[in-house]
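**Student:** Reproduced below are the annotations present in Swiss-Prot:
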BINDING   Trp65, Gly66, Gln67, Glu68, Gln69, Arg70, Glu71  beta-D-galactoside binding site
DOMAIN    4-130  domain 'Galectin'
Amino acid sequence: MSEKFEVTNLNMKSGMSLKIKGKIHNDVNSFTINLGQGKETLNLHFNPRFNESTIVCNTLDGSSWGQEQRENHSCFSPGSEVKLTLTFQDKDFKVTLPDGHSLTFPNRLGHNHLRYLSMDGLQISSFKLE
């Protein structure tokens with residue numbers, strides 16, 4: 001069973017990157033990385049889904065999800081080691097995947113300071129904010 005990793009006092013500002021290393025749990029069909037203001041305000045919900053070979057990104061504002069952005073790209077599998085870089089820019093997020101592919105998702109909520117990070121479905125070995 002996966003455990004959730006959560007940081008509630010993140011100090012991520014525009015121009016900064018978050019580097020994550022970890023191992024995807026063996027018993028999951030997806031994992032998530034969330035960045036935002038709190039559990040109910042997510043500027044970026046990043047959710048690779050293995051059974052669909054798709055990466056889903058979205059925004060949560062209160063109880064309202066935005067329109068999903070789906071990208072058909074598969075470089076993740078249960079039990080694999082991963083390195084990801086999430087770069088927070090004024091107008092968007094850039095996510096660099098383990099295979100070098102990158103995707104961009106708009107900063108729909110417009111915040112310039114992120115306070116919240118959660119990850120689920122991963123065993124984190126390191127994360128670095130720079």
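Including glycine, each Cβ sits where the backbone N, Cα and C put it.
Describe each of these features in terms of where it is and what it packs against.
**Tutor:** Long-range Cβ neighbours of Arg70 (beta-D-galactoside binding site) (same chain, at least 6 residues apart, Cβ-Cβ under 8 Å): Thr54, Ile55, Val56. In the three-state DSSP classification, Arg70 (beta-D-galactoside binding site) falls within a strand.
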**Student:** Long-range neighbours only, meaning 6 or more apart in sequence with Cβ under 8 Å: which ones does Gln69 (beta-D-galactoside binding site) have?
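**Tutor:** Non-local contacts for Gln69 (beta-D-galactoside binding site): Val56, Cys57, Asn58, Phe105.
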**Student:** Relative to the Cβ position of Glu68 (beta-D-galactoside binding site), how many further Cβ atoms are located within 10 Å?
**Tutor:** 12
